[in-house]
Amino acid sequence: MSRIKKARKPGMSSQPVVVTRNRTDRDVESRELKRKRKRKGLKAGARNAESNAEQARRNAQKKDPRIGSKKPIQLVVDAKQKTTKQERRLTNEQELAMLENDAQLMVLLDRLDSGENLGTGLQKYVDEKLARIEHLMGRLGLLDDEEPEEIEEFPEFAERKAKSDDDLLAEFDDFNMDDFK
């Protein structure tokens with residue numbers, strides 16, 4: 001048999017059938033996985049370095065939080081002073097304002113004004129708070145009723161302040177020590 005040479009002229013043979021494939025996501029993923037399986041290990045050369053995102057992720061895991069702190073550190077340790085009772089204690093004005101704005105006390109006072117009888121515990125609470133308010137107002141000078149009595153308690157001291165030096169000398173000369181025996 002003699003050999004027949006193939007010719008490349010159009011129309012000689014039937015037209016090649018063009019097959020178009022619709023590639024799905026699954027096909028694309030399977031090809032990528034196959035490519036990764038073939039290429040195990042690291043890429044050759046320094047120019048094929050890891051991506052920056054992966055490097056940052058690895059460095060973040062290894063980073064020690066104690067290293068690189070910008071917070072200033074005191075070289076001399078000062079002993080912390082505990083706050084004293086006076087520093088923790090409220091001033092008279094603050095305590096008075098707090099008692100005057102006490103919601104529970106106001107409700108109980110309204111109940112008393114309406115003629116309702118309170119229990120012994122609540123009545124005791126109201127009495128204590130009102131006594132404390134009165135005491136604080138007296139300390140702050142907001143109550144004028146009690147102050148004149150305290151001043152008049154020692155009238156001889158008030159008179160001595162008004163005397164002159166000559167009067168005091170005369171009183172000293174007339175002083176009798178036998179009165180105190």
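Note that Cβ sites are derived from N, Cα and C of the backbone, with glycine treated the same way.
Under the heading region 'Disordered', Swiss-Prot lists 1-73.
DSSP assignment over the compositional bias 'Basic and acidic residues' (22-32) gives 8 helix, 0 strand, 3 coil. The compositional bias 'Basic and acidic residues' annotation in Swiss-Prot covers 22-32 (among others).
Residue counts for the compositional bias 'Basic residues' (33-42) by DSSP state, with H, G and I taken as helix and E and B as strand, are 6 helix, 0 strand, 4 coil. Taken from Swiss-Prot, the feature compositional bias 'Basic residues' covers 33-42.
For 55-67 (among others), the entry in Swiss-Prot reads compositional bias 'Basic and acidic residues'.
Break the compositional bias 'Basic and acidic residues' (55-67) down by DSSP state and the numbers are 8 helix, 0 strand, 5 coil.
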